[in-house]
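This report concerns only the one structure given below.
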Amino acid sequence: MTGLQEELERAKADLEKAREEGKRLKTERAKVEAEEKNAKNQSELASQLEKSNKLIKQLTAVTAEQKERADKLEATLKTRAENETENESLKKTVQELRSALQAAEAKSAATASNKSDLEDLRRKLSEVEKDKTKLETQLSELKKQKQSNGIANSVGAGDSSGNNEMAKIIEEKEFAESQVNFLNSIIADQQRALEELKATVHALETNPRDPNYGVDSGGGGGKIAGSRVIAPRLFCDICDVFDAHDTDDCPRQGGSSSPPLEQTHVLPRHFERPYCDTCESE
């Protein structure tokens, strides 16, 4: 770059010298033409004039050549500068595309993970619904058996073992229904998060250089879709209820009276409560 610049400067200097020499020769030619009128030796003046004309032609050719060379050097310098600028722009574009690709791959992995979690929840829901249907069948059969045996419908003191079994099945059925509702709410949340991730991945694939890709513009506080923090729900291990109070604040602690049966969900023996990473792990 520096060598070409120096060569260009030298060429421009030579061009200027040639122009000055041309001016001097033109002045000399004019002088010779003026002296020609007064000169006695016309042949000598003519020879000198011819030499001057030849020299002027040579200087004109040199001037044109130097100008052409200077123009070429200037064009070369300009092209080289443009190429360097374009190269920097291409490097920046490649880096942006690599970053966008990494972000898209991360979003795709999160989407796949969410799909797997959603399928697990749906399998759990199917199992709970099967248990619920089984309990409803048992309850229906027990009611029919009770009616055929002429047992009274009201529950009071001195209930038989059949009444106790019916109460247990009713409690288990109510618990199964609560688990179905709970799993349905989790599946709905997971489905929404999955749709948000899919939308983010689509945005990255269609416009990877957009600086706002993956940003939730729908009032989400500028968070990346799928990365929202979900507050843990209140849950009481004693009453086995959500959103009412925490275990530490349970009114049944410290010898207080138990709440009525219709406000609790009695867990079957050795029943493992489903756990949701989305609601409770953070």
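Cβ atoms here come from the backbone N, Cα and C positions, even for glycine.
TrEMBL does not curate its annotations; it predicts them automatically.
Copied over from TrEMBL:
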type     : residues : note
COILED   : 180-207  : coiled coil
COMPBIAS : 7-39     : compositional bias 'Basic and acidic residues'
COMPBIAS : 40-50    : compositional bias 'Polar residues'
COMPBIAS : 65-91    : compositional bias 'Basic and acidic residues'
DOMAIN   : 233-250  : domain 'CLIP1 zinc knuckle'
REGION   : 1-52     : region 'Disordered'
REGION   : 64-91    : region 'Disordered'
REGION   : 141-163  : region 'Disordered'
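Beyond its flanks by at least six residues, the compositional bias 'Basic and acidic residues' (65-91) meets 1, 4-5, 7-8, 11-12, 14-15, 18 of its own chain at Cβ-Cβ distances under 8 Å.
For the compositional bias 'Basic and acidic residues' (7-39), the number of residues in each DSSP class (helix H, G, I; strand E, B; coil) is 32 helix, 0 strand, 1 coil. The domain 'CLIP1 zinc knuckle' (233-250) scores a mean pLDDT of 76 in the predicted structure.
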